[in-house]
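Reading through the structure tokens given below for one structure.
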Amino acid sequence: MGLRRGPCPAALLPGGFLFLLLLADPALLAGRRPPVVLVPGDLGNQLEAKLDKPTVVHYLCSKRTESYFTLWLNLELLLPVIIDCWIDNIRLVYNRTSRATQFPDGVDVRVPGFGKTFSLEFLDPSKSSVGSYFHTMVESLVDWGYIRGEDVRGAPYDWRRAPNENGPYFLALREMIEEMYQLYGGPVVLVAHSMGNMYTLYFLQRQPQAWKNKYIQAFVALGAPWGGVAKTLRVLASGDNNRIPVIRPLKIREQQRSAVSTSWLLPYNYTWSPEKIFVHTPTANYTLRDYHQFFQDIGFKDGWLMRQDTEGLVEAMVPPGVPLHCLYGTGVPTPDSFYYESFPDRDPKICFGDGDGTVNLQSALQCQAWRGHQEHQVSLQALPGSEHIEMLANATTLAYLKRVLLGP
């Protein structure tokens, strides 16, 4: 934590006391540590729910709860049969008239821990290794002198929704950044991962340049899907269990489709060729020009509306307007296109390309296009062999972040 000002300016202290104060607090000699805000990615922070439902999908499902419980991540809710209860609670309901989502009847979902780090350090409150996310990075920040909930804070959000439905979140984020600036005497470093980078870019593109110059020191982007992600088509078509064996892809597909953020992350034409075939089937092939037909053929017409609602949220050629550090994984086989023998209800064969296992390399490299389009520096750092989640604990990542925060 940076030094807070006492009732007397340091310059008025007797020389001996000032010398002792400098010895006691090396931060005064080295300069203030910039406060840090962490923005997680898709699935990247806890969600809590409270129930008072008119009906349930199975007699084993809870109909009513007295208090909020952990909806994500709670591994006990992903067991066979019980997972049906979980899907019915965590899904969103799309309203075609309002072009917005709502919670299912009798379900209230909230995001715990805004301004804290616990919600994104461990996705599972039991702190199981399966749910470890930002923990190693936060531990490193603490080792460098930071204090949880003070000069390093988390900015969790409802990652099921795209930014256009999370307006209050961005107001709270701006207020927190301004508060940290006042408390710690300098601009903030934003550290985002995965879809959190798209959220951060959306936020920065809507702030005045004078505000960004004052309040933002740097933006560190880890594994950013600037141009969308190819695997999103597989998620929408046949579901993706993320290699969790107890979950069948078709079982989880309903929840994944209902999250508007899924359609938001489909590949964009400013990164991929309009001729590239992402999905091959016996009767049709699909490029990014075929999304309308794709959604028709998978039986999810609302998905096309969701895509139309979100496609223009982030402007590809409008840079963030702050010093940007893009760190991205390479050399990890990453889903690039999909071959279906039976479409869409069977798992496809996958053709792999370069990337971090989730984000395709060409999408991560999209930040290169901002060089020369903003006065601030745009730096790129490859992380060879670094997987999408593992990069948060990667030694190169942490050393790079330390240099950004504390200097060489």
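From the backbone N, Cα and C atoms, a Cβ is placed for every residue, glycine too.
Per Swiss-Prot, the feature signal peptide maps to 1-31.
As annotated by Swiss-Prot, substrate binding site applies to Asp42, Met195. DSSP gives Met195 (substrate binding site) a helix state. The Cβ of Met195 (substrate binding site) lies under 8 Å from the Cβ of Gly41, Asp42, Gly44, Trp159, Pro225, Ser261, Leu265, each on the same chain and at least six residues away in sequence.
Sequence-distant neighbours of Asn95 (N-linked glycosylation site): residues of the same chain at least 6 apart with a C-beta under 8 Å from its C-beta are Thr101, Gln102. What Swiss-Prot records for Asn95 (among others) is N-linked glycosylation site, and it gives sequence analysis as the kind of evidence.
The Zn(2+) binding site annotation in Swiss-Prot covers Ser194, Asp336, Cys351, His388, and the record cites similarity to another entry as its basis. Cβ neighbour count for Asp336 (Zn(2+) binding site) (all protein chains, 10 Å cutoff from its Cβ): 19.
Residues annotated as N-linked glycosylation site in Swiss-Prot, with sequence analysis given as evidence: Asn269 (among others). The DSSP secondary structure for Asn269 (N-linked glycosylation site) is coil.
Taking all protein chains in view, 12 other C-beta atoms sit within 10 angstroms of the C-beta of Asn285 (N-linked glycosylation site). For Asn285 (among others), the entry in Swiss-Prot reads N-linked glycosylation site, with the evidence type sequence analysis.
According to Swiss-Prot, the feature active site, charge relay system maps to Asp356 (among others), an assignment based on similarity to another entry. Counting every protein chain shown, the number of other Cβ atoms lying within 10 Å of the Cβ of Asp356 (active site, charge relay system) is 28.
Long-range C-beta contacts of His388 (Zn(2+) binding site), restricted to its own chain and to partners at least six residues apart, with a cutoff below 8 Å, comprise Ser194, Gly223, Gly329, Val332, Asp356, Gly357, Thr358, Val359. For His388 (among others), the entry in Swiss-Prot reads active site, charge relay system, with the evidence type similarity to another entry.
Marked as N-linked glycosylation site by Swiss-Prot on the basis of sequence analysis: Asn394 (among others). On its own chain, Asn394 (N-linked glycosylation site) has Leu383, Ser386 as residues at least 6 apart in sequence with a Cβ closer than 8 Å to its own Cβ.
The distance from the Cα of Asp336 (Zn(2+) binding site) to the Cα of Asn269 (N-linked glycosylation site) comes to 15 Å. Under 8 Å, Cβ to Cβ, and six or more positions away along its own chain, Asn269 (N-linked glycosylation site) finds Leu288, Arg289.
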